[in-house]
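> Take this structure first; my questions come after.
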Amino acid sequence: MTIRLLCYVGFYFLGAGLMEADIYQTPRYLVIGTGKKITLECSQTMGHDKMYWYQQDPGMELHLIHYSYGVNSTEKGDLSSESTVSRIRTEHFPLTLESARPSHTSQYLCASSE
């Protein structure tokens, strides 16, 4: 069983549950085989220009991995990341990993602000 667990990468997301929210992440939970490409979607309905992706390992602090201050404007954050982002519309800020690995297992959080 331990060997099988090492063959999968888990992604956990902060979700709004049944509460009304203005920012959404999908999928909410994801378990995927190593080497697979994944895209984590983040969308917001508030028209905010600024959007952020954070990564948090269990028991550790949040690390900014990517941010955007508007359409076609993306920057890498504090944490060196193998992920990429795009921002072709104000309301969307997807995060993509080309090849998932066990070291990518973490909680990924999306945020936005004015």
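Counting starts with 1 at the first residue shown.
Placed from the backbone N, Cα and C atoms, the Cβ positions cover glycine too.
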> With reference to Swiss-Prot, which of the candidate residues C7, C42 participates in the disulphide bond with C110?
C42
> Among C42, N72, the recorded positions in question, whose Cβ has the most other Cβ atoms within 10 Å in this structure?
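Compared across C42, N72, the most Cβ atoms within 10 Å surround C42.
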